[in-house]
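Undergrad: Following this message is one structure expressed as structure tokens.
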Amino acid sequence: MDIASQKSQMRTFLRRTRRNLSPEQQQDAAYRLSQVIRQHVGQQRNVKIALYHANDGEIDLSFFIEQCHKRDFELYMPVIHSFKPTLWFARYSPGSAMYSNRFGIPEPLHGEPIAPWQLNLVLLPLVGFDTAGGRLGMGGGFYDRTFAHQRRWPKKPKLFGVAHECQKVESIPVEAWDIPLAGVFTDKQAYLSRQKP
Ligand SMILES: Nc1nc2c(c(=O)[nH]1)N(C=O)[C@@H](CNc1ccc(C(=O)N[C@@H](CCC(=O)O)C(=O)O)cc1)CN2
Ligand SMILES: Nc1ncnc2c1ncn2[C@@H]1O[C@H](COP(=O)(O)OP(=O)(O)OP(=O)(O)O)[C@@H](O)[C@H]1O
């Protein structure tokens with residue numbers, strides 16, 4: 001079986017697995033995840049973080065968003081570009097007016113854009129991951145394209161995948177365009193990459 005078909009099968013299975021979590025399991029996971037991320041963001045100030053609005057059983061960042069709000073962190077959410085398959089990031093605060101994109105995922109309606117290299121941390125939603133740096137997204141290549149040229153940027157945000165622990169698999173093939181992650185945060189622990197991304 002070719003890599004695209006393997007990934008597609010894995011995607012179907014893992015999306016179903018996360019959608020089958022109960023509301024209690026989701027809430028518990030969201031709380032634990034916020035603690036795991038907080039340990040890694042530490043006591044820094046003026047942090048600019050891109051995160052996402054949970055959809056399709058994704059692990060929910062609302063507890064973490066609350067904590068960021070209290071600490072005056074600036075938050076941003078991905079917005080799908082109107083004619084290119086890439087993302088830009090718009091300022092978000094709890095209570096911001098939102099608009100559903102073509103996949104039904106809410107995006108900030110009036111959020112100020114930020115140049116991606118000005119972000120300090122990007123939390124990417126994952127469908128699956130392994131502990132060797134393999135990752136699986138929704139299959140649109142949106143994050144891959146958005147961060148494809150980051151080596152040429154004046155500075156780079158740290159990229160961390162975010163997922164439920166039950167989205168961890170034995171091995172996901174890494175393809176040439178896959179952007180390297182600094183690690184993955186789950187409701188159980190942080191998996192940090194060995195190689196520097
Ligand atoms: N919460 C969240 N926001 C995100 C992402 C994400 O994975 N999660 N994205 C990460 O890239 C981008 C959106 N990418 C997406 C890619 C595919 C599908 C999707 O549901 N595809 C459907 C069928 C496609 C269609 O309707 O045409 C599917 O596969 O069932 C959704 C989002 C930007 N925002
Ligand atoms: N930098 C790029 N330039 C052009 N096409 C790309 C680039 N990155 C990925 N793609 C294309 O996007 C498609 C989806 O890739 P892949 O299955 O790895 O997505 P994904 O990693 O699951 O999605 P995401 O990046 O949104 O999390 C592939 O067909 C790939 O060829």
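Yeah, the Cβs are placed from backbone N, Cα and C, and that goes for glycine too.
TrEMBL lists these features:
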- LYS7, SER8, GLN9, MET10, ARG11, ARG135, LEU136, GLY137, MET138, GLY139, GLY140, GLY141, PHE142, TYR143: ATP binding site (BINDING)
- GLU58: substrate binding site (BINDING)
- 1-11: compositional bias 'Polar residues' (COMPBIAS)
- 1-25: region 'Disordered' (REGION)
Undergrad: Just to be sure I understand the contacts, which binding-site residues have a Cβ under 6 angstroms from any atom of ligand 1? Candidates are LYS7, GLN9, ARG11, LEU136.
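TA: Within range of ligand 1: none.
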Undergrad: Using the alpha carbons only, what distance in Å do you get between ARG11 (ATP binding site) and the residue listed as 'substrate binding site' once rounded?
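TA: For ARG11 (ATP binding site) versus the residue listed as 'substrate binding site', the Cα atoms are 13 Å apart.
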Undergrad: Among LYS7, SER8, GLN9, MET10, ARG11, ARG135, LEU136, GLY137, MET138, GLY139, GLY140, GLY141, PHE142, TYR143, which the record lists as binding ATP, how far apart in Å are the two most distant Cα atoms?
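TA: Pairwise Cα check on LYS7, SER8, GLN9, MET10, ARG11, ARG135, LEU136, GLY137, MET138, GLY139, GLY140, GLY141, PHE142, TYR143 gives a maximum of 20 Å.
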Undergrad: Taking a Cβ cut-off under 8 Å, which residues six or more beyond the ends of the compositional bias 'Polar residues' (1-11) line up next to it in the same chain?
TA: 127-128, 136, 138-139, 169, 172-173, 175
Undergrad: Measuring CB to CB from LEU136 (ATP binding site), give everything in the same chain under 8 Å that is also at least six residues away in sequence.
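TA: Set apart from LEU136 (ATP binding site) by at least 6 residues yet with Cβ under 8 Å, we have LYS7, MET10, ARG11, LEU14, LEU126, VAL127, GLY128, PHE129, ILE172.
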Undergrad: Within 10 Å of each Cβ, count the other Cβ atoms and name the one among the binding-site residues LYS7, ARG11 with the highest count.
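TA: When each Cβ's neighbours within 10 Å are tallied, LYS7 tops the list.
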Undergrad: Consider only the binding-site residues GLN9, ARG11, GLU58: which of them have a Cβ under 6 Å from an atom of ligand 2? Write none if no residue does.
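TA: Near ligand 2: none of them.
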Undergrad: Using a 10 Å radius around its CB, how many other CB atoms surround PHE142 (ATP binding site)?
TA: 18
Undergrad: Can you check which residues sit near GLY140 (ATP binding site), meaning Cβ under 8 Å from its Cβ, same chain, 6 or more apart in sequence, and list them in order?
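TA: Spatial neighbours, sequence-distant, of GLY140 (ATP binding site): PRO85.
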Undergrad: Can you name the residues of this chain that are 6 or more positions from GLU58 (substrate binding site) yet have a C-beta less than 8 Å from its C-beta?
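TA: Residues satisfying the criterion: ARG18, TYR52, PRO125, VAL162, ALA163.
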Undergrad: Where does LEU136 (ATP binding site) sit by DSSP, helix, strand or coil?
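TA: LEU136 (ATP binding site) sits in a strand per DSSP.
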Undergrad: Are there any residues at least 6 positions away along the chain from GLN9 (ATP binding site) with a Cβ closer than 8 Å to its Cβ? List them or say none.
TA: MET1
Undergrad: For PHE142 (ATP binding site), which DSSP three-state class applies?
TA: helix
